[in-house]
Structures are given as C-alpha cells and as structure tokens.
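Per TrEMBL, the features are as follows:
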type	residues	note
DOMAIN	266-359	domain 'Transglutaminase-like'
ACT_SITE	Cys274	active site
ACT_SITE	His333	active site
ACT_SITE	Asp356	active site
BINDING	Asn396, Asp398, Glu445, Glu450	Ca(2+) binding site
Amino acid sequence: MAGIRVTKVDWQRLRNGAAHHTQEYTCPELVVRRGQSFSLTLELSRDLDCEETLIFTVETGPRASEALHTKAVFQTSELDGGEGWTAAKEAPMENTVTVSLTSPPNAVIGRYLLSIRLSSHRKHSNRRLGEFVLLFNPWCEEDDVFLASEEERQEYVLNDSGIIFRGVEKHIRAQGWNYGQFEEDILNICLSILDRSPGHQDNPATDVSCRHDPIYVTRVISAMVNSNNDRGVVQGQWQGRYGGGTSPLHWRGSVAILQKWFKGRHKPVKYGQCWVFAGVMCTVLRCLGIATRVVSNFNSAHDTDQNLSVDKYVDFFGRTLEDLTEDSMWNFHVWNESWFARQDLGPSYNGWQVLDATPQEESEGVFRCGPASVTAIREGDIHLAHDGPFVFAEVNADYITWLWHEDEGRERVYSDTKKIGRCISTKAVGSDSRVDITGLYKYPEGSRKERQVYSKAVKRLLSVEASGRITQIRRAGGRCLWHDDLLEPATKPSITGKFKVLEPPLLGHDLRLALCLANLTSRAQRVRVNLSGATILYTRKPVAEILHESHTVRLGPKEEKRIPIAISYSKYKEDLTEDKKILLAAMCLVTKGEKLLVEKDITLEDFITIKRAHPGAPGKNFSPV
C-alpha cells in the first residue's frame, strides 16, 4: 500500500472563530483559546487505514521543549482526558479526516507551529500544517482568567471601545477611547510586545514557558507599555511640552500608538500620560484574552516614600514647596484592573487585580506596578505581591500638610486628611455610564473599619516595639517621619473656610470666586488670610503663580464673611497648560497660633454653542469630552 500524506488543510476558521469568540481578529492565522477544542480537516492522498496513526506536534517560542511545556507531541485517541494536549478523530469522509485538538487550560499562550506525522507500515510522512495563535480563555472554567458573567466577558474582553474618566472629583468628564484589539496587525503587535521584553531578550525559552501565567504576562505588559526600562511602547511626558510628538490629550485610541511603535522599529511613541498608558494596556490585555477594564481614581496619591501618607510642605501662602515635597496628589490617575485567579496568594484574593503601566515608581528594579489584588488593598493586606503599599496609598493615604518655617522646623496645619481616593470610577457593563467602585477598594471613609484597615496597613510597614508602640517609619529626603505625626490629627481650628465659585469658570473669561470664612466661636477673632493661586498640571505640579495677596479679616461671634477673589484672563492665559487647571490656596492664620489651609482645584471649560436648525429653538451648550 502506498504511503499516505496530507494534501490540504482546512482550518475551519468560521466554525472555530465562532466557538472561540475570535472571529473578529483580522490576522492570517487561526486564533483560538486554550482549554477548548478546535477542529481542522485534513485532505489525504488516500483513505486513512485503521492501523495508521496521526501524531501531532505543537511548539511555541525558540528552543521549544516538552520539559518547558512549550512543545507537545500527541496522537489521536478515542479517550478524553489527560492533562496535556489531546486529539480526537471525528467521523472520516472519503480521503478526509476531521480532527479535534484541545489544549490544556494552563497552556502557554502565543503563536504555535502545528506539524503532523502520519505513520503506516514503517512508512512516515511529515508535514508542517501551519501556525495558529492560542489565547487566554475567560470562557473556560479551568482557566485562571475565567470570568463567569457573559455580559462582563462581552464588555471586558470583546468590546473594542470604551470610556475613560478624567477631570476633578467635582467635575468628572468622560472621554471615548478606541481599544481596537481586533484591528489589523494588533494581535501580532501585542505578541511582539512580549517578545521585546528584557526577560525575553535575556532568556527567551524560559520567558515563553512562563506565558501560561496571567500574573507573569500582565507584569511584563505593565513594564513594556511604558518606555522607561526598555524600548517600550509609550514615552511619558508631564511637563506640558510635547515637541517632536503628540500631546497626550490628542490621542483617542490605542491602535495608532501601537502601529506607530511597531512600524517605527519599536521606538517609543511620544507622548503619553496615565490614561494613555491605561488605554494601551487595556487593548493589549483584552487582545490576549484577559478581561480588563480602565479605572480612574480622583485625588490619587503618589506616595514616594511608602509611609502611607502624602506629606505636603507649604509656605505661609499655602504654596507647595517643591524642593521639600516628594509626595503628591494628582487630580486623577488612571490604571487598569484585570480579572484572574491568584494561585500565588490563595482564592480569597482572586478577581480584580490592579495593574498600572504609568512609570511612577520602580517595582523590583523596573517601572511597573501590579498585579495587586483589589481585595488585598481593601483589607489592608499590603504585604502581598505585588506593590500593595503603593496602590493602597493611591486610594487611602492620609493627606497631611506641613507648614515649613525658615528655621527648618515644621508645623502640622489643619486640612482635609480624607481627600485621597474619591469617586473611583469605571465604565458600566453594557453602557457608557460611570460606575463608582470606591467600595471595592476601601471601607467608607472615616468609618471605624476603614481606620482599622489603615492602622493594620501601617503596622505591616513599620517595626513594632515590645510595648506595641509604632516607631520610626523611614527617612524621606533626610526628614524622619514618625507614626505620631501621621495618625494624630492637627488641632482643629476655631474657624472654617471654603472657596466658592461665583460664576462658571470659562476659558477666556475672568474668574470670580469668594473665600467664605466662618467663626465657630462666641468670641470675635482676627484672621490673616494669605491667598495664592497657580496654573497646574493634572498632577497638581505648579506651573506659574497667578495670585498672591493678603487680607486681614475681623470675624464677630459666629459671623460669616466672604473675601471676593478675581483673577483676570490676562493674568492666567499665558501660563495655562492643556490641562486647563488652576489651584487656589488660602493659608488662614488665626490668633492664638491656629492655622487652617483651604484649597480649591478649578478646571476651566470650553463651551461650544450648537444651535438647532429650526427657528426659535434654544441653543445647547456642550462641554467637550
């Protein structure tokens, strides 16, 4: 009998694509998901004899080996089961055989080469059948990335567009973002991002063997989306100068960024800020099959010294002293959450995991962040991998203001310590509305449980004496920060203060506000008010001062007074950045040495009047998103 060989392969793209939810990918190879069978039909040179066997080989990455689980050799069998790759013959037709191949639910993801060997009567025929791409599978219960809700899978894996929330706590704005994970070349680019990582360049075989693990893969992507330690995708820029590149505010999606990086031979794309990094990372992880969403945190802490407080140093006008202040509070910060099991931590910490590609602090020597379990953050278990203290501080640090004296002494100033981590937001499933998920990250602000968790988190970081008293934290720029300083509140002053906007803050117009002061006591008081204002970036970094004035106010018993404030357009127009943000501060010095700091973030708006076509209809004002 003549030897047998494969003459043609039908990858059954439509059938497999529908079954694996991969029909939207536009790449030339078949795309399937792990832990689930896919079919292909082989045309043979003659009918298959019952004694003849089909032996398949799948391999991925350089130097593929069975020891590293990057190669598997298996033959058709009628028995289901086994922990590795399996193949089963379906009903044969004349000169054809349809085979169902199944990968294990923990298989390495990536591009595979499939080969076949036909053996009969000491004759062998080998053929490379071609390449296919294997992805994570949120539809497979045995996969670590399994997500039970079909609605959430449609949103967090298959939706190729979304909403990113930006702005300030009191004025949250929505911006559309095109993730485009199914567009031309994007899957190939996402796989090449893995191959460009330093770990792959150093030891490619070992790196590929680790790609079965979503913890490993997401940590690599977190580092590669920024360009700080490698030739990653996006170069950050927070100084308001975007020469030679694109302003972060002008991007509307990930596709152009990823294609530019790939076609430019992996030269980092200029420029990105937090929402750009998060948008690109969401594209990559959804493309690879991991359920991912974009999350915005308003009043987000950047705790450089990891003492779980944001320590801000100001002068007698409430102006931030940049040389002394290492921590910061951004108006907003955007990161990602991905859904997968934490085999390293235990099932209590499965579910949403924080990942942040914005290069803020190094994690194990590389600019990346996460995955950090959202549950671990809420419960104060910040010692668990990865980067728990930094993420905990972003949403739950205490905001502490210090008045710096010329003799290098410092004094705690009363201010709102609970302003960190407000309105944590993400897009709703199935609609463009905003969902507040703050409760996933922390217990109600100021509640007994929230304070217990905060104290627990602090104790995880600090050394504890025999008496149980917590001592020194760590040095930040030569200044010792002590637990007593952090957890004991400043003396509450006998006055209150609040900025009030008198007219909507419109770009191109003068700003009109008032500082409203109230005397809480039954005695008259004298207050010295030092006012300052500056244009700022969304990171709250000051750009230029636009207000500097002082007032002395006498408040009668229980009296309230307003100090009017006017800032002309000519005063701020030259120094306003594309963020269009202004920070006002009032340092209120009360008799008897009491001090109160009042702050207000303002975002200027562009309003466009659109008039209806029919006469008499009123115009509508829309603020751009």
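Positions of Cβ are set from backbone N, Cα and C atoms, glycine also.
Please treat TrEMBL annotations as automatic predictions, because they have not gone through curation.
Here the features listed in TrEMBL are placed on the structure.
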residue : record              : Cβ contacts under 8 Å, 6 or more apart
Cys274  : active site         : Trp330, Phe332, His333, Val334, Trp335, Thr358
Asp356  : active site         : Ser222, Phe277, Ala278, Trp335, Asn336, Arg368, Cys369, Gly370, Val391
Asn396  : Ca(2+) binding site : Leu308, Ile377, Ile420, Gly421, Tyr441, Lys442, Glu450, Val453, Tyr454, Ala457
Glu445  : Ca(2+) binding site : Lys418, Gly421
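With every protein chain in view, the residue among the binding-site residues Asp398, Glu450 whose Cβ has the most Cβ partners within 10 Å turns out to be Asp398. Mean predicted confidence for the domain 'Transglutaminase-like' (266-359): the pLDDT average there is 96.
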